[in-house]
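Participant: Handing you a structure now.
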């Protein structure tokens, strides 16, 4: 079936997100894996690694969305595939919101209480925070599977064609709409409020300390702006559809487009990684060099680069003499 213009537009968006997000997140994964393997990694390393994994989960499931869009949003795969891909797709989105909130809290605590934070931070805290984010997202998104067994793939038209998690009966809506509202409140508005407060304080501290370098100030502002864009542009439309749907007692017609914006998160997060970590900045730089010169190879140099990156970050912090500006991943 040839996709119409609407499906073609969404199909193009999904393909672009996949092509830009996958290589960038794979580079970030390689960089963060090197950091986490080091003794006593900071909690933020673990959170950033898990955010990368959440993005990769979404990107690996994106081909199913691409096939769906190419088929004019008719679902020709088995019903269980609809349930499992939807579960993983939406779980990755909502896991990202609390991971972003956790990263913002770590940044704020690092600059507001630098001495206490440095003395008390433990890798275990990052592991616990990441586990909580995954458990909350997986637990809430089981609604996708529950609704599947309420026959969430509904026949449309007269050709025995079905859609995936799109057309609902009244029985399904009675289950879906209240849960979507709770998802919106607990997994979007609460972490967004935490993130806005933490980055507001974080940026204010960074900009008002005279001994913080201009480059670090720019990275602090960039980090806050990218994170805020993530919430407002990527997650905002999709979660607003939950509020509108609950009020109207039916799914709004623009939910499909809102899901596309949520997927854009996987392409926007690498910018956050870039502002967060000097290791990622070097990895992206080496990736560009590799594209320009395919004969060169980065294999086998990860551990050496990670050690060098650690020394460079620490040296830079000492040179600036700013205890409270350790927002750059060490």
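Heads up, the Cβ atoms here are built off N, Cα and C, so glycines get one too.
The structure displayed is predicted, hence computed values, not measured ones.
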Participant: Regarding membrane topology, does Swiss-Prot annotate residue 8 and residue 210 with the same topological domain?
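Facilitator: Membrane side for residue 8 and residue 210, as annotated in Swiss-Prot: different.
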Participant: Can you check which of 167, 265 Swiss-Prot annotates as N-linked glycosylation site?
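Facilitator: Of 167, 265, Swiss-Prot lists 167 as: N-linked glycosylation site.
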Participant: Pick from 151, 239: which one does Swiss-Prot list as N-linked glycosylation site?
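Facilitator: Record lookup in Swiss-Prot returns N-linked glycosylation site for 151.
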Participant: Which one of 101-121, 185-205 shows up in Swiss-Prot as transmembrane segment?
Facilitator: 185-205
Participant: For the transmembrane segment (256-276) and the transmembrane segment (185-205), check the count of CB pairs under 8 Å (sequence separation 6 or more) and say whether it reaches 3 or more.
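Facilitator: Between the transmembrane segment (185-205) and the transmembrane segment (256-276), which are separate recorded stretches, there is no contact, as judged by 3 or more close Cβ pairs.
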Participant: Hey, does the transmembrane segment (9-29) touch the transmembrane segment (185-205), meaning at least 3 C-beta pairs closer than 8 angstroms, sequence gap 6 or more?
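Facilitator: Contact between the transmembrane segment (9-29) and the transmembrane segment (185-205): absent, because fewer than 3 Cβ pairs are under 8 Å.
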Participant: Where else in the chain does the topological domain 'Cytoplasmic' (101-126) make close Cβ contacts, counting only residues six or more beyond its ends and a cut-off under 8 Å?
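Facilitator: Same-chain contacts beyond the flanks: 40-48, 51, 133, 190-192, 194-195, 197-199, 201-202, 205-206, 223, 227, 272, 276, 323-327.
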Participant: Reported in the order helix, strand, coil, what are the DSSP residue counts of the topological domain 'Extracellular' (65-79)?
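Facilitator: So the topological domain 'Extracellular' (65-79) is made up of 7 helix, 1 strand, 7 coil.
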Participant: Can you say which of 9-29, 44-64, 127-147 has the most Cβ pairs under 8 Å with the transmembrane segment (80-100)?
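Facilitator: Looking at each of 9-29, 44-64, 127-147 in turn, the most contacts to the transmembrane segment (80-100) are made by 127-147.
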Participant: Which residues, given as numbers and ranges, are at least 6 beyond the ends of the topological domain 'Extracellular' (241-255) yet have a Cβ under 8 Å from it?
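Facilitator: For the topological domain 'Extracellular' (241-255), the far contacts come to 166, 168, 173, 176-178, 180-181, 183-184.
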Participant: Spell out yes or no: are there three or more C-beta pairs under 8 angstroms between the transmembrane segment (127-147) and the transmembrane segment (44-64), with each pair 6 or more apart in sequence?
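Facilitator: In contact, yes.
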